[in-house]
Each structure stands twice: as structure tokens, then as C-alpha cells.
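These features come from TrEMBL:
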type     : residues  : note
COMPBIAS : B:375-388 : compositional bias 'Polar residues'
COMPBIAS : B:390-406 : compositional bias 'Basic and acidic residues'
COMPBIAS : B:414-426 : compositional bias 'Low complexity'
DOMAIN   : B:29-130  : domain 'Fibronectin type-III'
DOMAIN   : B:131-230 : domain 'Fibronectin type-III'
REGION   : B:336-458 : region 'Disordered'
SIGNAL   : B:1-26    : signal peptide
TRANSMEM : B:237-256 : transmembrane segment
Amino acid sequence: MSRNQKQAVLFVALLCLDLRTHVGSAPICPHGHTGCHILSLADLFDRVIQHSARLHGLSSDLHSEFEHFFLPSKNHIGRVYRKCHTSSILTPNGKENAQKLAREELTEVILKLLTAWRDPLSQLHQSMAHQQDFNSFSSNKALELSDMVHELRKGVEKVTEKMQLLGMISNSVNGLSSSEALLPASESGEAMSDYELVYCFRRDSDKVQNYLKILKCRIVPEHGC
Amino acid sequence: MMWIDSGTMPLLTLSVFFLLLSPATSTSAPGRPRVTSCRSPEKETFTCWWEPGDDGGLPTTYALYYCLEGSETVYECPDYKTAGKNSCFFSKNDTSLWINYNISVVATNAEGKSVSEPVEVDVVYIVQPKTPESVMVSVLEDDHGPYLRVSWDKPRSADTRSGWITLVYQLRVKQVKEENWEEYDAGMQKYYNVFSLHSGKEYMVQVRCKPDHGFWSEWTTPAYIQMPDFIPRERSMWIMVAVFSAFILLIFAWTMNVKRSSVKHYLLPPIPGPKIRGFDQQLLKSGKSEEVFNALVIQGFPPTTNYEDLLVEYLEVYDDVKQELVLNGKNLPEGLLKSKTMSSDNDSGRGSCDSRTLLMEKCAEGVEESGMEQELSQFGESSWASSDSGEDRENPASPRQEDRKVQTWPPVFSSPQPHHFQQQQPGGTRASYHSVPEISCRSPPGHSSGGQQNRFSKPGFYQYTQMHSMDSIEHKHVAQVPQSQSAEYVEVQTVDPENILLLRPLANAEGHDPELSDFAGEDYSKVRDVTSDNILLLQRDLSGPQYVRDYCQDQSGQVDPCFMQLQQVEQTCKPTNVHLHLPSLMLQDGMRLAGNGYVDSTIMMS
């Protein structure tokens, strides 16, 4: 649990920060420690975005493996797919819509998405591991996906806290806990198949990455935007 | 035409008739169109293109319909114009991301319609940006030479500023005349430096871009640039280094060549030759042996006044013709020297050529001799040829002269070997012998070889010489003293210029008979014969002069028994100049060596 400890220390350090310091430029270590290294918000954003990019790449790989294995026909004629379980989450589907959203809402959306996928991915991994159709490589990817989603969510939470600390967003972000109960049940009550899960997750990971980029360029625009 | 069935004939004519009549009127439903591609340049709009099928001969209209994922509502393409013919442009309002579009094209004509196969599109995955813009190439200089700097701009439509799209760039470079491109990934930056280009060549550069997941854009139009002429600095530096080192090497080689000998001397130091202190090799080269020996002569050395003790020369000459021994004489000093040299040649541990050491050895013992003087005085002059080169050879020297000569003798000759005499004459009357390798036994009056026999009229004369062979201690007794016969002693009168010892018989010889007879023994070896090239043949056997006689008889015609010639002695200590040529004294039939083997067997047998 060193990670939690680290986060706790970071949180305490952030709390101890002088709130009047301006955003993102010269981080100061609390208690005068010279060895500690507090990340700026821009660095945090960069890390999170890289993480989400990696997540998306992994999910794309898994999806293409599924397609080659299961469904050779490219256009999926006759394929009936259900809605993704995250379709209830309102997500902006265009640039304007995304830019119209407030920072807090955008952050909330991100967090909701990430939260909604933690359990389904672990289910996916388990079901893939049991089936013999997949090689171990694919099932390992599924396992990795669930871990990464979990870590990404933690990272985004950290960023959110930092932003709230820095006063960039209000404290009204409440996506942290309320979306835990979202279950990946489709409307028909059946559980989604593995393929559908992978398909939906690929899309959602791209959404997350995009939203994070928008958020970053809106909050810390001077760094590579 | 008999093979044509009569029934098919009207059918054929009818079909031909119809074909002829109906080219303009045959129509059919259009063929199926096909959606070729859909692309979005900035992830905000997109366009789909289709390919019409066969139109069926009738004007055909095409319509594109789409429906969104999860909805059954069918929409028609909002804009057929913007993107050109057979295309459908979806504007921003009509574009939704992360949603599958189900698109199909319907071709309609009067005869019917046909629907293309549906295509599912998610706009996010069909992004293909426009080409980068404002590509600029320039040549810059730095320490290592010129390089290219390429810079560009993002395509205008792509919105990277808000983070909506992330573009990565790629450029490629090649020489105008070559075929292979060199590609470089520039990441998200909008400039790139290209190094290691060839001087004087013309290059062309192109750039393209791609969103983080999507399609590559088209390449930009090529930008041309001419590289200036230059010499790579590293190469010029290496050229300079190479030239400089070659120059240094050349100088070094030349110096070594000039100083070849000293280098060789340094690397392979010559083995120093043997040196005799006080011995001047230059004198040797000049060929005058007398000077050499004069150089060796040290006045007052050995530090004894009884140098005469060192001189005991006994020449016993046989008058018997048959037993005449031919001894090869030499210039005595040279001979002695040479014998000394011989003594040092082939055997280790034997005396060196250093005459001084030899003399020291022997003189120490010679000094003790007291009784020698008398004997010596009797002969007094029974000395060998003087060391003085040729001065006294001409004239038969008086005893006094020979005395004088004798006086100069000791340094030259080796000291006697007292131990031999001690064995035989415990009384202490010792005679010191000078080693003379070869002595000619010519009589003074005549030098011709024919008259030699007449010289030795007295019977029982024989000559013997003591030879210093390898060992300075050993004696080689050339001749054996026959005990039965009376022996007479001769003294060397003089030495001819032709290196011939002129002998003179002495008066008192009997007194020395016992000595001589005592001398006879194993320590002496007889000279058996002398070959034509001045080689002394020694006889090993001590049985007496019969051998000699026999031998002489055997080879009466061949050998001139008493003819001895002094040979030129090489004045160096080099072993190669041994005139004794003992190796050539190979045992011949009937010839035996002296009992004690005074003749060095190694020399003999080698």
C-alpha cells in the first residue's frame, strides 16, 4: 500500500501548500525538505494523458484481436450489439459540446467513465481466462486493462484534487463515489459478451483520453497545446 | 446451311432483330454502388465517397442514407455538393463522434434501384488530416558542417490548440537523383534538423502528419534545397593527421636509414672480439709480426732476472739419415704464439692466447730453478730462433748474439712446464722448454733441401721440438730421445729469412744424455713426417726410433726427413691459423701416437 501512502503524503503536502501560490510554476516542498519532489499540475496532466493513451492503445489491440478471432467479416453484417453500459453517462460527442462543458463536469464525466469500467474489466479478464479460445496473451491484456483503469482513475482523482486545491475548479465534483453502483447490465438484462465489452471499452478509453486533453489545454494551456 | 435446324431459324432472326432494334431502349435497374471511403480531416466533419455501379442505361440518382447506432432513424446525406461528385459531406452539426454511422448508398433509376452494401463508420477512427503547410527548408552551419533545417505548420483545419487533435509529423528526404527516401519521425514538433548530407547535392524534402490514431496525410509538395560544397571537418582533420604522420614516418625511416649502422649496433650489439691488452690489431693487419710482438713485449717483465731459466732449448738432431726427422720450424715467436693460440682454441679450460698469463704461470715456477742456469749457460745459446724478426737470421749468430736473443725471448714464449721435468728429474734440474711447434732442421750451411742429410752426420741426432699443443702445460715432444743412441744437441744458430732454423751442433751433449734420455719418454712425441704443405706428422708410439726409421724407410722417397721448414706462424690467436694442422695428421698406417698422448688427440683426430 505504498501507493496509498504516497498519495496520502502528497495530499497532506498539497494541503500544506500555501493556497496563494500561483498555478503550476514553482512547486515548493513543505517543511523545507529538499529531497521531495512535488509535481506540477501540468506534469500531472501529462502523466495522466500518457496513461490514458496507453490504455487506449491496449484496448485497441485487444479489439483487433477479437475481430480477427471472432468476426472475420469487417462490416459485422448481422451483428447485433447492445448498447454499452456506459451509454447512460452523458458524454459530449463533439468538440463544441466538449468545450461547452464546464471543467468540473468534464472532470466528472471522466471519473464516471473510469469508475464504470473497473468491474466490467475484471469480469472480462476472468471470463477470458476461463475460456480456451483466447491465448494467455489476450487474457493478460484484459487483466492489464483493469489494472490500468484503476490506476488511471486514481490519477485523475489526484489531478482533480490538485485542481480543486489550486482553485481551478470548484469542489462540486462528486463523481468519485456515486458511480460505483453502475453495473454493466444491458437493457435486456443479459450480460454483455466479451466482444461487446472490448468494443465498448475501446470507445470509452478514447473518450477519456480526448477529454483529458481538452481539460489540460483548457487549464494549463502553455504546455504543448 | 443444311446443318441449321429449321426450328431455330426463326428464333435466331428474332433475337437478331431485337438486338438491332433495342440498343437505345434496354434499361435495367442500376448496378450496386459502393461506398469507397469516408474521411474526416479534423475530427469534426467527415465526407463519404461512393462509386456508382452500372447505371443500367438510365439516368440514375444516388442517395446516401445513414442511421445512427442504436437508433432506427434514417437520415439522408445533408450535403451532396461540397465534397464533389458522388460524395456526401457531413458538417459539424451532423457529425457525432463515438457513434457508429451506418451508411449506404442507393442508386435509383427508372427501372429500379439498388442499394449498396452498408458501411459502418465511427468518425473518430477515420481521421485523415490535411497535409502540413508552409514547409520551409534552409541550410544552417555548425561546427561539423552544414545541415538542413526543415520547418512546417500544422494543417489549418486541425485544431491542436484545444487539444482536440494531436498530430505527429514525419518527413522524408532524398537526393533528387536518387530513389530511396530517408524518413524521419519528428513527433509533435514542427521542425527538424537533418544532418550528414552530402555536399554539393540537391535534396528534396516532404512532410506529412497523422493524428494519434488515424491515417497519414498526404505528402506535401516537395521542397528543393541545394547543399553547399564543403569538406567534412572530420575528414579534413583526418587527412591532415594522415599527412602529418606520414611525414613523420618518412623522416623517421630516413633517419634510421642514415644511421643504419648505429641502429644495428644498438639492436644487435656485436660480440666483442677477444682482446689482448697491449695487443694492437692494427699492427696485425699491417702484416708485420715483429711489430706486434714488440708491442707485446714489456720491458722488465717477467720480473725475474733469471729469464734464462726459462730458456731451455734442446735440439737433438739425429745424424741418421733414415731417422731424420723433418721438423717444420717456424718463426719461433710466431710459432709459440700460435701454439698458445692453438692451446686455447679447441678446448675450454685450456690456456688463453694471452701470452702474459701463460708467462706468469710458468715464470713463477721457472724462477725457482736454479740449476737451469748452468745448463743453459752451457748451451747458453741453445735457444730457438730469436724473436727478433729476421734481424739475426741472416747471419749465423754467435752464441752471444743468441744470448741476446734469448734475453728477449721469455715474454714471447710460454713458460716451461716444470711438472714434466719434475717427474723425470727430481733433482731439480729442470729445463724449461719453449714450445715450438715446428722447427726446421736445416743445417746452416745449406738451405737446399737436397743437402740436408749431410748436416746431420752425427748419429743419434735427432731433433725434437716441444710443442705446445692445446694445453700450455702439456708438451708435445716431437721427437723421442732414443736412449740407446747417443744424442747430440744442436743449438739454433739463426733463423733464416726463409724461416729456416739453422742449427749448430753443440759440444757437450753427453752430459745431457741422461737428461735427454730421461726426457725421452711418454711426454714426447715424435714427428713422424712432414707433409708437403708443412704439416707435422706426429708419431704416437714411443717404442723408439725404429718407427721413425721404418717410417722413413717406408717413405723414403716421399719425405725429406730432416727437412723442416719454419712456417709462418699466424700472428693472431685465431684458431683457424693453426699451422700444425694436426687435424690432418690423421693416423696413417703404421703410425701411432705417443703413449702419453701428448699430441692432442682432439686435434689429431678431428
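Positions of Cβ are set from backbone N, Cα and C atoms, glycine also.
Mean pLDDT for the domain 'Fibronectin type-III' (B:29-130) in this predicted model: 90. Listed as Cβ neighbours of the transmembrane segment (B:237-256) (distance under 8 Å, sequence separation of 6 or more from its ends, same chain) are residues 263. In the domain 'Fibronectin type-III' (B:29-130), helix, strand and coil residues by DSSP number 3 helix, 45 strand, 54 coil.
Across the domain 'Fibronectin type-III' (B:131-230), DSSP classifies residues as 0 helix, 52 strand, 48 coil.
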